[in-house]
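Visitor: Following this message is one structure expressed as structure tokens.
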Amino acid sequence: MEELVSVILAAGLGKRMKSKYPKVVHKVCGKPMVKWVVEAAQEAGSKEVIVVVGHGREMVEEVLGDEVKYAYQKVQLGTGHAVMMAEEFLPLEGMVLILTGDTPLITSDTLRKLVEYHISEGNDVTILSSIFDDPTGYGRIIRDESGNVVKIVEEKDASEEEKRVKEINSGMYVVDIAKLRAALKEITNDNAQGEYYLTDAVEIIRNMGGKIGAVVGESEEIIGVNSRVQLSNAEKVMRRRINEKHMENGVTIIDPDSTYIDAEVEIGRDTVILPGTILQGKTKIGEDCEIGPNSRIVDSTIGNGCNVMYSVVLSSSVGNNVKIGPFAHIRPESVIKNNVKIGDFVEIKKSVIDEGSKVPHLTYVGDAELGKNVNMGCGSITVNYDGKQKHKTIIGDNVFVGCNVNLVAPVKIGNNAYIAAGSTITEDVPEGALAIARSRQTNKEGWVEERIKKGRL
């Protein structure tokens, strides 16, 4: 097979997005639009990908890194001009796949079929087209009586008969590189917009005796994203694809329409995802878990057999057989080890909770290390901030912390120690000790009756 390279047009600003960011870096299911297109091209067999950048080039380059080459279109003078900017990176011969960076729904399967058809038919240009019930706004593919592609006509230039054609041009092509180079030398900007159109290059190749063909693709794949509404539509389609992929791999998703899973999330088999769940970033969920309802997990690892209910987990690691929630908040850089319980209205911040420990309810643990089999009583907190710096609390194994305890950091609690309820601990507690730091109770008998007599109650 001839060498295949790709050129992705990603220089436009996207005015209808009404954004300070270039259109193609807006995300669909957690991944920038242009990255979806790059990956589709690579999976379709492209040996090299050239991305034409313009507005916000630094942001596009930051998103894609060094996995692609960049051509710079300083002034946006049309699709043909954009391809001209990439010409220096093209090999002398072979095939070039020309794509647009705002079509995140295009799949590698469709691109492979496009390339295979191009080769099998011996075409010089093969257009990816689609059939739209309402083709308004798109260029039309005009065929002769034998079904051969005659031309692409823009809607503004189409006759009434041509406007009734429902086969539209997606703006994506496979082109013979040698023929493309020759055509680019011939195209002009002699039009109302003063731009160089790639469709003119297609017409020039045809007039040079080149063979033009078209492959009809799925309409949802070629829809470009030019507005926030179209972005949300693309997100909906991609979300459906992602959810279906997980279900095909053995994950139960109770209500796919209310479940939001990013592109790079991994989920083990026999895990159940309940409604209202949001899984983002590079999150990894193990097997036999139950996630949700109404939970959000971002860039975190969750082990096997875990339950996360009505809770948020951010950039943290969770072991096996851990119960989280309802209404818990696991903040970044936390490590929750195996068989731990994090209960309702608990916040864990940048802390390690070792195996078998329980933080059942109404507790704040920040900048702390909890040993194995620790029990944190209701309302106990680590007092980690002195107004300027954060300090560490270290709790040993098998420690029992009573209710409403303040552990004022920096402080260490030895193994097997007990902390009496209501205590404010400001000094280290030795191993095996009982620490009590509270006022002694005083009962004043008859106090109420006396106050009543004096009219004070």
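Just so it is clear, glycine is given a Cβ too, placed from its N, Cα and C backbone atoms.
Swiss-Prot feature annotations, pasted as is:
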| type | residues | note |
| --- | --- | --- |
| REGION | 1-228 | region 'Pyrophosphorylase' |
| BINDING | 9-12, LYS23, GLN73, 78-79, GLY139, GLU154, ASN169, ASN226, ARG331, LYS349, TYR364, ASN375 | UDP-N-acetyl-alpha-D-glucosamine binding site |
| BINDING | ASP102, ASN226 | Mg(2+) binding site |
| REGION | 229-249 | region 'Linker' |
| REGION | 250-457 | region 'N-acetyltransferase' |
| ACT_SITE | HIS361 | active site, proton acceptor |
| BINDING | ASN384, TYR385, ALA421, ARG438 | acetyl-CoA binding site |
Visitor: Return the residues near TYR385 (acetyl-CoA binding site) by Cβ distance under 8 Å, restricted to its own chain and a separation of at least 6 in sequence.
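Guide: Once residues fewer than 6 apart are set aside, TYR385 (acetyl-CoA binding site) is near GLY366, HIS391.
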Visitor: Have a look at the binding-site residues (LEU9, ALA421) and report the one with the fewest Cβ neighbours inside 10 Å.
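Guide: Minimum Cβ neighbour count within 10 Å, taken over the binding-site residues LEU9, ALA421, occurs at ALA421.
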Visitor: Max Cα-Cα distance in Å among ASN384, TYR385, ALA421, ARG438, the residues listed as binding acetyl-CoA?
Guide: 22
Visitor: Among LEU9, LYS23, ASN169, ARG438, these being the binding-site residues, pick the one whose CA is nearest to that of ASN226 (Mg(2+) binding site).
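Guide: Nearest by Cα distance to ASN226 (Mg(2+) binding site): LYS23.
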Visitor: List the Cα distance (Å, whole number) between TYR364 (UDP-N-acetyl-alpha-D-glucosamine binding site) and ALA421 (acetyl-CoA binding site).
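Guide: That separation, Cα to Cα, works out to 16 Å.
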Visitor: Just the number: how many Å between the Cα atoms of ASP102 (Mg(2+) binding site) and the residue listed as 'active site, proton acceptor'?
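Guide: One finds 47 Å between the Cα atoms of these residues.
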Visitor: Measure from the CA atom of ASN169 (UDP-N-acetyl-alpha-D-glucosamine binding site) to the CA atom of ARG438 (acetyl-CoA binding site) and give the result in Å, rounded to a whole number.
Guide: 78
Visitor: So what pLDDT does the region 'Pyrophosphorylase' (1-228) average out to?
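Guide: That stretch averages a pLDDT of 94.
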Visitor: What is the nearest of the recorded positions HIS361, ASN384, ALA421 to ALA11 (UDP-N-acetyl-alpha-D-glucosamine binding site), using the Cα of each?
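Guide: So, of the listed recorded positions, the one sitting closest to ALA11 (UDP-N-acetyl-alpha-D-glucosamine binding site) is ASN384.
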Visitor: Give me the count of other Cβ atoms within 10 A of the Cβ belonging to ASN169 (UDP-N-acetyl-alpha-D-glucosamine binding site).
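Guide: Excluding its own Cβ, ASN169 (UDP-N-acetyl-alpha-D-glucosamine binding site) sees 23 Cβ atoms within 10 Å.
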Visitor: ASN384 (acetyl-CoA binding site) to ARG331 (UDP-N-acetyl-alpha-D-glucosamine binding site): how many Å between their Cα atoms?
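Guide: With the alpha carbons as reference points, the distance is 15 Å.
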